[in-house]
Amino acid sequence: MKLSRRHFMKANAVAAAAAVAGITIPIAVRAATEQSEAIHWDKAPCRFCGVGCGVLVGTQNGRIVASQGDPDAPVNRGLNCIKGYFLPKIMYGQDRLTQPLLRMRDGKFDKEGEFTPISWDKAFDIMAEKFKTALKEKGPNAIGMFGSGQSTIWEGYAAAKLFKAGFRSNNIDPNARHCMASAVVGFMRTFGMDEPMGCYDDIEQTDAFVLWGSNMAEMHPILWSRITDRRLSNSNVTVAVLSTYQHRSFELADNGMVFTPQTDLAILNYIANYIIQNNAVNEAFFTRHVNLRRGVTDIGYGLRPTHPLEKAAKNPGSDASEPMSFEEYKAFVADYTLEKTVAISGVPADQLEALAKLYADPKKKVISYWTMGFNQHTRGVWANNLVYNIHLLTGKISQPGCGPFSLTGQPSACGTAREVGTFAHRLPADMVVTNEKHRAIAEKLWQLPTGTIPEKIGLHAVAQDRALKDGTLNAYWVMCNNNMQAGPNINQERMPGWRDPRNFIVVSDPYPTVSALAADLILPTAMWVEKEGAYGNAERRTQFWRQQVKAPGESKSDLWQVVSFAKRFAVEEVWPEELLAQKPAYRGKTLYDVLFANDVTTRFPLSELAENQLNDESRDFGFYLQKGLFEEYAAFGRGHGHDLAPFDDYHKARGLRWPVVNGKETQWRYSEGHDPYVKAGEAYRFYGKPDGKAVIFALPYEPAAEAPDDEYDLWLSTGRVLEHWHTGSMTRRVPELHRAFPEAVLFIHPQDAKARDLRRGEKVRIISRRGEVVSVVETRGRNKPPRGLVYMPFFDAAQMTNVLTLDATDPLSKETDFKKCAVKLAKV
């Protein structure tokens, strides 16, 4: 194969990106564009993280043969991270599932049987039987679904509609509960609306970046490349990084701070105190646009009610607050002096003061970025609220180059889990099931009888595990996630419920993951561009793609699975007589007829698709299903700050940031001149709140649920690495990525290893109060924990890191704290 100069330059750009991960790109991949005349190219957002990079997908003879960064994509401008360059290979693992598999013995289902191929009809037969039995015997609370921030927008929408409207069960929750729930609740408490007010364009306009619990260099590398360019091109730009251990983002930091776990709360309050004491409050902004409230404290740790920590809490799970004056708030944060904060956090005084001065300087534009370090936190909502406090005190918000920005880890945690509302308490467009008016809006748009949607919040992710274990949740569908590996406290709280003979577990996945192998029925799913899809990224950018290849074997998209399953239920089987009496025309119909084949969702014919355009779902059902569902969903948000563009606009664009009003996207919300919902003369209006004012909360430092003691003498923090994504179910099937980081290791300070007679490369047993795992000692490399803390990634199915973790959650968001538990080490 010969390379032109142009292709040679492209290949070298790819190779340079790969070098960051220590990977050699095969010539065949580097030269993927060489035969571009024979390859068909089309756009799609990347399948991995929440950055939302645009890629060009090359197909040939019904297979994906190449991918490259999309030069017209505003997010990444033609650059991909190393995972993005290997996107084609995630589709073609040797163990790709192509048939439904049921545990069987002697020709029938057996919980202890062997996985046996069956037809889709038989798969849906037994699923329907198990769901109908649970509904009949125990009601809607006995069924549930655990979904995903990786599902497409219409997949999540269809699943939420089936459960909340069809089955009348709010027991549907996404794996975004484990990563973004604290951000959601934090946004809602402070602003009354979810998601960031700024966008990635802030990067090129700011003077300072502050990272709180976010290793962007590895977890959001494309954004990090833009930050790096901004920092190295402008000597006046500053980067501050705060974490419980040193990582690759520290390499660019002007001020890198390692703090004791959980004490970020104290640091945030110290900064607020510094701003007030040094007369750096933006009085004009603060007086006009901010309210103050004192939050309830001692709220527990989201453990089972019988746990001693929950029994001891004065206000378990309370999100109550009361108004307070500025003088009262000033007195509250005054307790967080520099000296006290140094003592609590372990960060040197000069570094803390430099950080506070950065925020306080009225001439400096500042962006705060955070990810799991804030969110996976037993006070994650508080951490989110406290960083908003700093930006609201200084007025550094909703303007180019200024603002707090919660980064997401999954490609559609925003677009699907949050905006669609696949959480157990949410409906589309920030509506909630507990609000009667919101339920009425949903019932009207969905053409349901009044009272169909239950008002009780469903089971969140960790509560689902507990209910399965307790035998109260009996029919359970897990879709597009690997929670048996990714969720907390596996042995004590998850595995028992999955293997309980009272329960029937279904897993939809393209690969035999740990979760799939623990299930009773596995449904093979289409991946990424094997279906038409849409994602929403961290900057409110909604992006579409078309189906580009067919899925292998009998694999079907999650959308097809949800909609097809609805055909198995007559309305009379799931709705009581009082609901049917309101809609007599629905008698004799199925949930498919009512929810997915009604006069709204079927109004776009197949003729809108090009003759040769792949769209397996629409051609199967006989109408443009994705468009019908999207336009129905979009009606929830149009006119009140969640406006989405018409469906067809997204196929033409490289994404649009909502609210999209009169064809124009919004870069910065809540500020005059940028947001169409802010009127002339208002300057700012936080219109999620009735009075248009954001809220500053007084919230204290409170300790972690579990900390080291004499026996379990080390903190354990868990997370990811550059080469692998989440549990590695896709990336570990890419040979190059697997070779680059083949197994998980335990990163430990050299002195901590020496004190335990452990050497680099030796096996080590990590033990918590919940279980133990054997890993390999690593005293060098990219992650450098301080003494007293160890770090372990969770991508390796052979080392089930989450056997160790505690199922403590933020009591307000119900998000798990994967960053803090106590362990001890033993030689193997």
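Don't overthink the numbers, they just go from 1 along the chain as shown.
The backbone N, Cα and C atoms fix where each Cβ goes, glycine too.
Copied over from Swiss-Prot:
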SIGNAL    1-31  signal peptide
DOMAIN    39-95  domain '4Fe-4S Mo/W bis-MGD-type'
BINDING   Cys46, Cys49, Cys53, Cys81  [4Fe-4S] cluster binding site
BINDING   Lys83, Gln150, Asn175, Cys179, 212-219, 243-247, 262-264, Met372, Gln376, Asn482, 508-509, Lys531, Asp558, 718-727, Asn802, Lys819  Mo-bis(molybdopterin guanine dinucleotide) binding site
BINDING   Phe794  substrate binding site
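A map of Swiss-Prot features onto the structure.
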residue: Cys46; record: [4Fe-4S] cluster binding site; contacts (Cβ under 8 Å, 6+ apart): Gly52, Cys53, Gly54, Val55, Asn80, Lys83, Gly84, Leu87, Pro411
residue: Cys49; record: [4Fe-4S] cluster binding site; contacts (Cβ under 8 Å, 6+ apart): Met219, His220, Thr408, Gly409, Gln410, Pro411, Trp725
residue: Gly213; record: Mo-bis(molybdopterin guanine dinucleotide) binding site; contacts (Cβ under 8 Å, 6+ apart): Leu242, Ser243, Thr244, Asp264, Trp370, Thr371, Met372, Gly373, Phe374, Asn375, His377, Lys819
residue: Glu218; record: Mo-bis(molybdopterin guanine dinucleotide) binding site; contacts (Cβ under 8 Å, 6+ apart): His247, Arg248, Ser249, Arg720, Val721, Leu722, Arg782
residue: Gln246; record: Mo-bis(molybdopterin guanine dinucleotide) binding site; contacts (Cβ under 8 Å, 6+ apart): Gly256, Val258, Asn783, Lys784, Pro785, Pro786
residue: His726; record: Mo-bis(molybdopterin guanine dinucleotide) binding site; contacts (Cβ under 8 Å, 6+ apart): Gly409, Asn482, Ala486, Arg720, Phe794, Phe795
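In this structure the C-alpha atoms belonging to Lys531 (Mo-bis(molybdopterin guanine dinucleotide) binding site) and Cys81 ([4Fe-4S] cluster binding site) are separated by 23 Å. Compute the center of the Cβ atoms of Cys46, Cys49, Cys53, Cys81, which mark the site for [4Fe-4S] cluster; besides them, the chain residues with Cβ within 8 Å of that center are Phe48, Val51, Gly52, Asn76, Asn80, Lys83, Gly84, Pro221, Ile222. Looking only at the binding-site residues Lys83, Lys531, the densest Cβ neighbourhood within 10 Å occurs at Lys531.
Following the DSSP three-state reduction, the secondary structure of Glu218 (Mo-bis(molybdopterin guanine dinucleotide) binding site) is helix. The predicted model assigns the domain '4Fe-4S Mo/W bis-MGD-type' (39-95) a mean pLDDT of 96. Between the binding-site residues Cys53, Cys81, Val721, the minimum number of other C-beta atoms within 10 Å of a residue's C-beta occurs at Val721. With the fewest other C-beta atoms within 10 Å around its C-beta, Phe794 stands out among the binding-site residues Met372, Phe794. When secondary structure is read from DSSP and collapsed to three states, Met372 (Mo-bis(molybdopterin guanine dinucleotide) binding site) falls in the helix class. Helix, strand and coil residue tallies for the domain '4Fe-4S Mo/W bis-MGD-type' (39-95), in that order: 8 helix, 20 strand, 29 coil [DSSP].
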